Amino acid sequence: MKNLSSAQIRQMWLDFWKSKGHSVEPSANLVPVNDPTLLWINSGVATLKKYFDGSVIPDNPRITNAQKSIRTNDIENVGKTARHHTMFEMLGNFSIGDYFRDEAIEWGFELLTSPEWFAFPKDKLYMTYYPDDMDSYNRWIALGVEPSHLIPLEDNFWEIGAGPSGPDTEIFFDRGTDFDPENIGIRLLEEDIENDRYIEIWNIVLSQFNADPAVPRSEYKELPNKNIDTGAGLERLAAIFQGAKTNFETDLFLPIIREVEKISGKTYDQDGDNMSFKVIADHIRALSFAIGDGALPGNEGRGYVLRRLLRRASMHGQRLGITEPFLYKLVETVGNIMESYYPEVLEKRAFIEKIVKSEEESFARTIHTGSQFAEQLMDKLAAEGKSEIDGRDIFKLYDTYGFQVELTEELAEHRGMTLDIAGFEAAMKEQQDRARASVVKGGSMGMQNETLAAITEESTFVYGQTALEASLSVIVADNARTEAVSEGQALLVFDQTPFYAEMGGQVADHGFVKNATGDIVATVIDVQKAPNGQPLHTVELSASISVGQTYTLEIETKRRKGVEKNHTATHLLHAALHNIIGEHATQAGSLNEQDFLRFDFTHFEAVTAEELRRIEEEVNEQIWNAIPVVTVETDIDTAKEMGAMALFGEKYGKEVRVVTIGDYSVELCGGTHVGNTAEIGIFKILKEEGIGSGTRRIIAVTGREAFLAYRDQEDALKEVAATIKSPQIKEVPNKVESLAQQVRDLQKENAALKEKAAAAAAGDVFKNVKDANGIRYIASQVQVSDAGALRTFADNWKQKDYSDVLVLVAAIGDKVNVLVASKSSDVHAGNLIKVLAPIVAGRGGGKPDMAMAGGSDASAIQTLLNSVANNL
């Protein structure tokens, strides 16, 4: 059998499918673009959904790709098994309404078995199929597959809610009896038993039905366009070709493991327990790629996932004896392994290393904070007389502070406490269920719209025009084509149009359709791209219109001009962000409306006030310099040579539009813009905020709206000046600071008075010393506002030799708080409070020198105080 590197496998896959007329789709960003159903790109088909649901018609219906993907619903299994990964590569081939079952199976078999390609031994391949799908069974038989190698399984039907669905046929490679220690054999496949012998290497989904949850599967309707969706895991193929026992011994992971060996001084033993090595190697791959694609560690969403991965890897580093930040040192190795197809990791290496190292250092501080939380938690439990740490608290230590259960167990054991493991596992399961529920499987598609997909008439958007005459080519009303319509809403396609279809963050034009006499026959309320790319006008009709007639199309120029100002300002803002906070601040989303612009970008912290000031100043400088805005059409290679910034996630054809603003900004953009930056007038940032982990948002205004914003601020400042009796606006800051200083002085004075009062009260309490069995003690009820004040009393008591034991009781609201402190080796504070607390219907516990309890019966406070002497 061939011995192939991972790069050779990937290239051979793409070359084979190119030979079958497929176009290669580049690997997309791991952060989904315009798809809120996905946390991550989690399969090869996830980026092709627009083709499968018919909302966009691809240039070539045959597509192949090698797609980096992330799945995180089973993080805890990574490192425990031979094949679980967070980040992996999915190799795929796809047919959008072109070839179907026969070709997919035949070509798949050719790729797997031909000496020119993978050359797998045929007797090592097994296939599963859906029992009712005899067409697939017969196709495999026709290709020479033995019937004993074809296994029917009920699970071989791909379906997620409503939408495209169908049977699938999976291909397995038999690794032999060495991987079947109990000699179970083919039953491993037949009974779907988890095993290391029969490795699934490829799944071919035959998408031929529109699933409808309301009817039985046998009544599903056939899709108008049948599709092929396949996926093969590169890591699994590499393990087979390289004769590796697990995926981790392949050229995709082993170089990382070797680096970890150097850092830790430990040795990776293929036959031993190497979980920590595997976790680190897997997680740093996911971190490197995800951060390189713009996701950053944080407390929610994608950021939470990355933070969890980093902390898990860091904890496993500690298990290997690594005490300093080290994960960032592995980024270069990841980049070197993947450079041939994914150069972006090395290109962004410095930034990725900076983020990873910073997060490692932050985690070290968090571990310290977590230890404090754990100690306080156990103090509280002791005060309440409890000895078991609740499962949800264990989960919080694990989830928030990165404490592995073993670490929490060690801390608890030191305090004589146990763990609620069942509760922890329940909390963990809840989190996993939430994670799974938030992820829609990558292949999930919407229903196909056959009517819109069938529109093939050509239509051209004409730049620079606000009105023109056009022939009406298509009318769609009530989801059906018609020759004429007179009322309600309809979708229209013209042979040409001045209306911009919503795209690239720029909203659609609004306007009117007029007849030959100048009367308005329809109001355009939206324009979107049809599946084949034509501008599709949504209109409200006020008169009858017919296909073949000529109409005048007029856009609302005021709306267009406002949008253009904001769109050009967005380009200036993007460039300013690069210059001031770094080139990592790339666009993550934008909206250019008539009255404002919204720009989302990747950044790992809030933009400071000073940075915002510099950004605003720099953008306005470009506006006031009156720079011509030049748009040219060219090929993509020339555009890149010009230094044009391409937005990750946008798909560009061979011909592109390049928008240049002097030497300040060069971007690929299909939108409309002002002719000169001076037309923008002025630019003002209204707000900067975080909208998710690693993503910031700026909302800004231009022109008239910016003037109004400045005027509103001036009016507000005048109102403040009047309130604080400042004669001039420019004196407001000094006046406010003077008032603030007065407040601070009064607060200090108030605090000092409180401290004197507390000291006086403590002095009175500490004078009342009694004796019982040779032990000096103080037992008193005090008036305090919170339990913390009791500790302050105790701290003051410890500083001088007032007595051997202190017992304080306070009624706070409807609760009774009890504190016992002891300097005597004969009196254990924790034991004493366990006796006293029940008197006030409470319970508690603690250490020998300090203990606290809570109760509810304030009427028994004096009884408690009277009983102290009898218990010393």
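Backbone N, Cα and C atoms are what each Cβ position is placed from, and that goes for glycine too.
The Zn(2+) binding site feature in Swiss-Prot is assigned to His567, His571, Cys669, His673. The Cβ of Cys669 (Zn(2+) binding site) has 26 other Cβ atoms within 10 Å, all protein chains considered. DSSP assigns Cys669 (Zn(2+) binding site) to coil in the three-state reduction, placing it in neither a helix nor a strand.
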>> My understanding is the cutoff is Cβ-Cβ under 8 Å with a sequence separation of 6 or more in the same chain; which residues meet that for His571 (Zn(2+) binding site)?
In response: Val659, Ile661, Ser665, Glu667, Cys669, His673
>> Cβ within 8 Å of the Zn(2+) site centroid (His567, His571, Cys669, His673 excluded): which residues?
In response: Gln506, Glu564, Thr568, Thr570, Asn592, Val629, Val659, Glu667, Gly671, Thr672
>> Taking only same-chain residues 6+ apart in sequence, whose CB is under 8 Å from that of His567 (Zn(2+) binding site), what do you get?
In response: Gly505, Gln506, Asn592, Leu597, Cys669, Gly671, Thr672, His673
>> At a 10 Å cut-off from the C-beta of His673 (Zn(2+) binding site), count the other C-beta atoms across all protein chains.
In response: 26
